[in-house]
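Notes follow once the structure below has been shown.
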Amino acid sequence: MDHSQCLVTIYAAAVLLGLRLQQGSCQHYLHIRPAPSDNLPLVDLIEHPDPIFDPKEKDLNETLLRSLMGGHFDPNFMAMSLPEDRLGVDDLAELDLLLRQRPSGAMPGEIKGLEFYDGLQPGKKHRLSKKLRRKLQMWLWSQTFCPVLYTWNDLGSRFWPRYVKVGSCYSKRSCSVPEGMVCKPAKSVHLTILRWRCQRRGGQRCTWIPIQYPIIAECKCSC
């Protein structure tokens, strides 16, 4: 490790230990299927287990369903068959590490506005060079950055498109020093998809209806 990298590590540790971070307990949530991402409000769906209420092959006409979706169909987040580039649960830790190496978006103001001083020598206090300051800021940002991790979710045959890309926040690592804070959902958006709905009044009648399906759009480090 060269002298510059060593200084970055020392200063970063000192800065993080000096930050005032609130700690809090984490609450776990029980989901019913199909479950939107993490702890966002669940879609109020009651699914009867009897396969008689499943759509038949004639009800899965892609041309017709596409027309019902209109401009709501988003190929980046929806698919009729399971995409080959899907990620498993075991891949999330690796993806989280990869995305944190190059944080996206704008650098948080509380990190961008930090000033660093060389106070290692008693009685002396000098502002660090711009290059070293930038390295420290990037290091802090990578440690506290909470990327959204996207995976494909199978909603079952009663939803179209059947596969939706949902977001999650990786909470198996702490995003603070001292440890205690984790990445949690901070913002959500809604996708419009179709749900196969059956009613028994006056004989069984089934049709596709549009529903709003929430997915995580932003994660933040919090208690």
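First residue shown is number 1, and so on along the chain.
A Cβ is built for glycine as well, from the same backbone N, Cα and C atoms used for every other residue.
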Practice prompt. Please name the cysteine among CYS6, CYS26, CYS169 that Swiss-Prot pairs with CYS219 through a disulfide bond.
Written response: CYS169
Fill in: Recorded disulfide partner - CYS175, candidates CYS26, CYS221, CYS223, source Swiss-Prot
CYS221
Worksheet item: Ranking the disulfide-bonded residues CYS175, CYS183, CYS198, CYS219 by other Cβ atoms within 10 Å, which is at the bottom?
Response: CYS198
Practice prompt. Please report how many Å separate the Cα atom of CYS183 (disulfide bond) from that of CYS206 (disulfide bond), as a whole number.
Written response: 41
Worksheet item: Nearest to ASN61 (N-linked glycosylation site) by Cα distance: which of the disulfide-bonded residues CYS146, CYS169, CYS175, CYS198, CYS219 is it?
Response: CYS198
